[in-house]
Every structure is written in structure tokens, then in C-alpha cells.
């Protein structure tokens, strides 16, 4: 015999490294684009390698951009059309071939947006809006953001604004005036890191009124079913438009509360569940709610787990003509399917592989030591010896050899079957195997138990929504066996503790498995099955539960006929939920209504047997949706789905513009304004206005047509119009169907002339380095053609081209100009103004502002306490040459940081404060002079001092609080 070294042991290939999937970013700037799939295996002899692409063998020599390095496959000069696909590595030697897992090669890219402009989106204030992104052609995951007006001003998401990471669209639940502007969608490819911007979408406000309140309308919905891999993170989105802004809430339909790992971002309408597991699967509901109503959407998260091998074939060596069984088992959801491969090629096999013959004995297949059967039941006692060649099988009970009879039979495979078992059948049974090489046996005991019997008869139960009921399940059974009660609802296992707490076990006895259903809902109607199981038998009994409740939603809502103010509807009944429908209610919705509103019908009361009705009192030329609700003795059910939109017919308008007014404008103009008639009251297309006017006291009317429904102003210009002349005005309406009425007659004045005189006695003086006071003599009030509504005060420095202007209102004769610079000369003029503009300027006066206040703050502020007093000292502030002299100091003190400080003035550089010592104080000191207040000292904090005679220096920046009981005294230490 020879001895083989370990390195000479022969072995089939085993992978030590397998390829992984690759996502390659497309970049036209990179000339030599390449990837490498890794593959490495051990074996003896050393393995060789080959590769497949989409199931077809790759020949590197014949394809120039493929090359092998060991088992690694290098692909150069990548081509996304030619090289994308699924790759597999095959390693082989003389003992066989193994196949790696599949690895994919995909290419990530993103094109640019189309460059055409996007039209503006016009909405009312208070209305919801959706701005579409429409990302360009791409491959690879994307993220989305939106720019508001200009980069880098990005839209921030909150309860009112939401950006879907599924579609990229921007949703604004309720538009506000601050939302007006240009919106640009920004798309980023997470693989290539490429970012592109779409064309801007302008958002503008309509001028025909503000949108009223309405119920939530869910615009972002998650799919009805989402398949989620085990251990992955899932995000689902939900967002609604509405006024007021809807709140978004999430819940599980089975009532189970969310675990801590679940992230519910209410502000951004996203439900995120990390590390998804089987217990996270179920139906989830998004609830959008505001003061006008609520809407919901449901979706199911379905759990799946990739296959995971729990029993693998192992290498074995067998002699020729031997038999072999290989088991292959895996977990996964859905249940995995199996296939076998030999040297990389598929075999048509199941999860077990059987090869050849088997040599058997009892060493691996003893009889079960105890087998139980119920009285009257059938039992099979298996005898599976390993025996080669195959011989004979016999059985004995106790010491007696068993003979086949009516109830007892020995099957061809050696197993013993006993039918309709009785108590005397119990005992010790032995299986005996014989062939020419010998005898082997194995024994086991058969026990016969009393059968389990359910004593509760089958039944049908009838309940109403909201009630509670007990479903009984009681049995008799063999006292030596344990019982297990299991309940099913419509063939689905009931998990107690789930289902929102509706189901509860109440069977207190060992032989009772009763359950209670609390607060029953319609969804609880169906078949309930109680299954009872012991070690020897299992039986079940079913009960049908009928739940009576409000009717289900009607279906097939159809608008049969529609006029300018009526609509004839028909529908089909929904389920009555075991209580007859008594009445139907019809609701309508328009783009202008506050959600769904009840409407007037003929007949006024729609009975439960009637499936048609006519809606009356509708507005002409308005798009309507209708829905129907059914009621019975128990309550009103959920509404039907809306009908298709239908527009009422046109008719001549009936409503005139509101708030007709006017006045102002330029010389020789009559300006007439009004509030446009809302679209829902225009009664038809081609809507416009007829403006009629005449001089006050005249008999004939002049008229002008304004052919725009959104117009709110008309200007009549004629040189014959005298300034500030009264006119009688009325505004009417018309559309394609004809003219409507005129509104009431009102009086409006034509444009007036600017004031004809300039103010006199102009005075200007500097109050400080930053303030100038200007005064003048008022012009006499003239109620005829040249009214004075106020005055314009303008000021500028000598070399400045543009002057700064501020206005006063009424007969005010002075103004203070703030924000000027110290030590500068300003030129001031005053003019009167009215609606026609400003009149003649006054003479110009000049004024030089005072020097700026001291720029240096008080330094070296020190404090100490003595005999319940706080003594403050600081250095004198010296003004610079271009600054106004210091004439005193202001001491600001308060007790807490948020109160208003009290101010005391002194002309010294020290002060004593008599105040309680059990408080914390905040102090600042600032100098002042004729130029105003100078820079403040650092805020200092004087801490609470519990004991007397504590001394310290200011080291903190803080302020001192106002105290009504503080007494201050000042002592001159240093003269200014």
C-alpha cells in the first residue's frame, strides 16, 4: 500500500469567490471603460473556467473585448447594448463542473430634459396644485428636489408641500401668495451622480377670488400591493390636497401598533419600515383629514424571502451498484421550487435525488417506540429495514405472530395497517425482517385512545354592527391527551391579540375553546371554524356569522340627462348588509364647492326601492360629479364612487360684478373697477362685461364691452372730461347665450389734477447724527379739483442723483427722516400729493447732521457689593475728533433676559444700586451725546449673592432686569 500526501488528494471544484452584480455608470468622457467579474474555485486537479452570458457560452478568443485572468472575466470597451445581461461562471475539472450564482451587468445613465418651455399653472389662493416633473429617459435610481425661483433656494417639505420620490412631482396642499414664482424640477441619478434640471414651471394666482375650504383629496397613493423583501427597507408615500391643510396619519388595518423601528414622517407623508420582517406584512391605511372631512387609501405590504438552503447535499463516495439519496431543502416565501444540475446542466428531478440501489438494516430506521390511534381510527405502523438483497417481512403482537384478517393487513412494503382500531388492539408490536444472511427486528407500542367529540352543534348566528358575541366550542375527549383549540375565519388562521383586539379567547374550562368577538364590524361576517386537535385525532365544527350593518356603497352612478339647472341620475344598489335600504341621499361636488354637498332632488325623499332621481337647482355651465349614499334602519353607509364629470348647459348670466368702484387715474380719465364674477356664476362661455356710464345728471348712457371674464377694470379717456367730475356708472354681464342684468348705479369721480401750489415755510433741523426733523405750512384744503391727500418729503446729499422719499397722510405738517448719516449735509424739499400725483416742489433747504455718537463702549466695567448695594464703576469714554462729545451715560438694567430694561441716566462714571441681593441681574452701560446713543458695553451678569459683603468683577455678558422696587442713587466719582 502507498501513502498519498495531502496535496495529492483528488477533489471536485468548490467556489471560494463568486461574481456579484455590477451597475456601471455611462460616462462618454471615459474612453477605456471596463469591468471585472470575479470567480475563484479550489479543487484537485486545479479547476478551469468558462463563462455564460444569458445562458450562452462566451468564447473570449472570438470576442476581442472579453478576456480571462484565472477565473476572472474582464470586459473592456463596454457596450451597453451588447454587454448588458446575466453572467455565470463555470468551474470544472475531471471530477465535474460547478455553476456560480447569476450576476447581472446593467448600465446607469440619464439624458437631459427636453428644452421646450412649460406653460404657467394658474390657481386660486387656497386651492391645491400638482406640478409635474416628467423625468427624462434614464436607467438607475433617481432622487428629486425642486428649486423655487433661483438656485440654491430649494423647496422645503412640510405638512403643506410634498415631493414624491416615486414620480418627482411637487404637491402643494393649499396654495398661499408666497408660493407664486418659478419651480424647477432637479433630478439626480444616484449611480452616475448626474444632475439635470427641467424647464421652469411658473405658478401664478388667479384674480377671481379665493378658494373656499374643502375636504382632503388624496393625490399621492401607494399601490394596492407592494412586495417587500425580507430585511429590506420599504417606503410608501401618501399626500393630500385640501383646505385647511390636511393632516396625514398612518395605521395598520389589523390594529397592531407600529413598532419603534417604524418612521412615520407626518410632515412629509412617508411611512418608512426598515429591516422588513414577516410580522410587518399586512394592510396599511393612510388617513388624510381636515375640518371639512376625511379620505383614506389602503395598500398591502406583502413579505417575501429569497430561498435559503437549510439542507445541502454533501460529497460522498459510493461503490458501483450502490444507492444514494441526496436531500435538498430550502426556506423562503413564496415556497421555493427546486432544480438539480449535473456538471452545469439541468436534471429533471425533485427536491430529493435517488441514485441506484440501497443495502438496508434497522440501524437507521427503528419502529416508533409509541404509536397512538383513536378508537375507531386507522393506523399505519411503518417497517423500513435496510436489507440487501430484499427478503421477507412479518409481524407479531406480543409473542404471537400476526395473521392478516379483515381489519389487519401487512402491505407489500412491509408496513402494518390496522383499520377501525379497538381497545384490544393496544399492545407491543414487533416487525421482523429476514433474508439469507440473517434476521433483524424492531418493536414499538400501540396505544388506543378515546376519540374527541365536539358537543356544540353547528349554528348560524345573527348580529348587528357594534355588538359582541360568543362563539362556543366544547368537547369530550380522552383525559390522558392534551387539547389544542384553533380558530379559523374564512379558512384563515385567527391570531389572537392581532386583528385590532376584536377576537378574545374566553373558554375557561379545559374542554372549552369558546371565543368572543367584540364590537363586531361588517368585515367580520363569514364562516368561523373551531378545530380541535390531540395527538391522535383532529375534528372541527363551523358556524356562519351574519352581520347586519349600514348598506354598502351603490354602484354604476350614471348621469342620464343634464340641462342648465337639472341632472337625471341612475344607479345600482350595493349590498344591503342584511337590512333593507330605506332611503338614498345624493351629493354633488364641483371644482368650486367645499367638498361634497347635499343637493335638492325630485322626489325630495328618494326611497330605498328607487334607483333614479333628478337633481335640481344646479348652476349652469359648471362641471358636476355626483355620488349616492344608501341608508337603512342601522345607519348610513359609505358613499359610492363619483360619477363621471358632467357639465350643465349654458344660459344667460344672472349675477353682476360686486364692489363696483373707481376713481383716480391720469388727466381726462374715468377709471371704473369691479370684482370679476366667479367662473361658477358665469353661466356659459364667451363671458364679458358691459360698462355703462354718463356724466352725473345726463340722460343718455355711453356703453363699452369688455370681452374678458377675468377683467376687473375699464378706463375711459376723453379730453372733454373735467377733473374730479362725478359720473354715474353701472356694470352688466353677457355670455354666448345673451346679455344679463346690470348692477346698481353708483357715482364715481374722474381723475383729479395734481395739487397746484407748493408748501411754504420749510424748516429742517438735525435731531441727532441719524435723524432730521422737517416741518412746513399746510396748504389749504380744496374739495374741488386739486385735493391734498398728504405730503412727500424728499432728501438727498449733494452728489447723490436719486432722492429718498417718504410720505405723510392727511394734514400732517412735520416728519422725521431717520437713517441719515452723521456729519453730512442733506437737501430737503416738500410737495403735496393726491391721486393724480405730486404737485410743485417747495424751495430746497439744507441741514447738516450732528456728529456721530461715541463709537467706543465703556470699558473696564467693575462691580462689587457692599451692605446690600451693588456699586458699578467704568472708565470714562472719550469721543474721537469726528464724534460728538459724551454728555452722559445710560444704565440699562433688568432681572431676566426677556423683559424690557429700565433706563437711568447719569453724568458720572459710577453708580450705586440699592436692591435685594437674592436675585440675578443683567446690566449694560452706553454713552450718549448730541449725536445720539453710542456703543453699549458688554452685557454683564451679577449673580444671586446669598451672603453679605461678596466682592467680584464682571466677567459675563448679560443684561439687568427692571425692578419696580429698586432704588438707585448716584455718586459722582469722576467728573466728565
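Every residue, even glycine, has its Cβ placed from backbone N, Cα and C.
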Per TrEMBL, the range holding region 'Disordered', considering 536-568, 569-601, 602-634, 635-667:
635-667
Based on Cβ pairs under 8 Å, which of the stretches 13-106, 111-197, 656-753, 758-852 lies most in contact with the domain 'Ig-like' (307-447)?
13-106
Could you give the residue numbers and ranges of same-chain residues that sit at least 6 residues beyond the region 'Disordered' (635-667) on either side and whose C-beta is under 8 angstroms from one of its C-beta atoms?
465, 549-555, 557-559, 562-565, 567, 569, 571, 574, 577, 585, 587, 589, 596, 618-629, 673-677, 681-685, 687, 689, 715, 717, 723, 729-744, 746, 748-751, 753, 835-836
Summarise the domain 'Fibronectin type-III' (553-651) by DSSP state, stating how many residues are helix, strand and coil.
0 helix, 48 strand, 51 coil
